[in-house]
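I have a structure I would like to understand better, so I am pasting it below and will then ask my questions one at a time.
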Amino acid sequence: MTIKVDLGTPLLARNEEMAEEIRYLAAENQIFIVNIMSSPGAGKTTLLEQALGYLTKELRTAVIEGDIATTRDADRISAHGVEAVQLNTEGACHLDARMVYRAMQKLDLTQVDLLLIENIGNLVCPAEFNLGEDLRLVLLSTTEGNDKVVKYPVMFRDAQMLVINKVDLLPYTDFSREELAGDVAGLNPALEIFYTSARSGEGVENWVKRLVGLVRAKYGVSS
Amino acid sequence: MHEMGLMAEMVDLLAESAKEHQVRRIDKVKLIVGKMTNALPDALQMAFDVYKEQELFSPSAVLEIEERETIGHCAECGTTFPVRDNALFICPSCQGLRIDIVSGRELYIENYEGEEETRYDN
């Protein structure tokens, strides 16, 4: 006999459960989690390298590096004396909450105030997977063009912070700050925008100050 | 690109539920997919064709996908409207920018149909 079963179960139900576990771990250890997303080559790792100098003076920082293969990025971060865990997805186009939860087990969470998760370079798939983060940060470089915001609406609608990197290259691109501001106003008016150059260091300190401010606002000045 | 992974999740959720409800072979699955997700119906169908080879499904099993448009609700004046290009969250009545998404983020299994396990109770 044929029967029909009503479910109403989200496809990502299990990821949401794991994200909840991460939030629990983070709250218990007073850790602020940032999920950093961008397309490949936007400058995520280079920006982090620039930021760590400022960040580590204020907060005990750890990094989870997501890549399809190699430990190159974790090696780059470790060279700055910051604890870094490399995650290799071996083909998968995004990090999910289970991978992050496992990576967190490798850290001494009692010694971490800020956990930066560098997601796989991709503006599509990572948007779908909640990692239990406090802040979703998207990095976009000037050479990619300002139209990416409306071309990847799910990614940019769900983010709270947008960092436009490679401002040193602005004169050589058609990137328009005005068009970007207009598109952001229509898609996600609460999105905070920062301009940086991970290469020259321009704007990095200003952005880091805001990040530190958000962490302090959540967990107080003592951390 | 992550549709294979989504389909793997769907198959696991179905297998669990089918066991619980003593369903032997699934003939039809109905999925609700909002346009404000990054899950593409065509890619989901392709992934389903791979997974339906498993014993959980009958050889003629079908995946039915119902798409949902992106609908916004203006927190200023209460107008409900379709969001153009998934990117223009501006109220057409009052130009308000505080827009909640009331539809378009759906990504769930609504129901499935299948053959009930034969029982020999008597």
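Along the chain as shown, residues are numbered 1 onward.
Note that Cβ sites are derived from N, Cα and C of the backbone, with glycine treated the same way.
So TrEMBL lists these for the protein:
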BINDING   B:H2  Ni(2+) binding site
BINDING   B:C74, B:C77, B:C91, B:C94  Zn(2+) binding site
Can you name the binding-site residues among B:H2, B:C74, B:C77, B:C91, B:C94 whose Cβ is less than 8 Å from some Cβ in chain A?
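Among the binding-site residues B:H2, B:C74, B:C77, B:C91, B:C94, the ones whose Cβ sits under 8 Å from a Cβ of chain A are B:H2.
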I need the neighbours of the Zn(2+) site defined by B:C74, B:C77, B:C91, B:C94. Which other residues of that chain put their C-beta within 8 angstroms of the C-beta centroid, in sequence order?
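After dropping the recorded site residues, what remains is B:A75, B:E76, B:G78, B:T79, B:P92, B:S93, B:Q95, B:G96.
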Sort out the sequence-distant neighbours of B:C94 (Zn(2+) binding site) for me: same chain, 6+ apart, CB within less than 8 Å of its CB, listed by position.
B:C74, B:E76, B:C77, B:T79
Whole-number answer please: how many Å between the C-alpha atoms of B:H2 (Ni(2+) binding site) and B:C91 (Zn(2+) binding site)?
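So the Cα of B:C91 (Zn(2+) binding site) lies 32 Å away from that of B:H2 (Ni(2+) binding site).
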In three-state terms from DSSP, label B:C77 (Zn(2+) binding site) for me.
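DSSP assigns B:C77 (Zn(2+) binding site) to coil.
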Using a Cβ-Cβ cut-off under 8 angstroms and a sequence gap of six or more, which residues of the chain neighbour B:C91 (Zn(2+) binding site)?
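Expected: B:G72, B:C74, B:E76, B:C77, B:T79, B:F81, B:L97, B:I99.
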For the binding-site residues B:C74, B:C77, work out the Cβ neighbour count at 10 Å and name the residue with the minimum.
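If we count Cβ atoms within 10 Å for the binding-site residues B:C74, B:C77, the smallest count is at B:C77.
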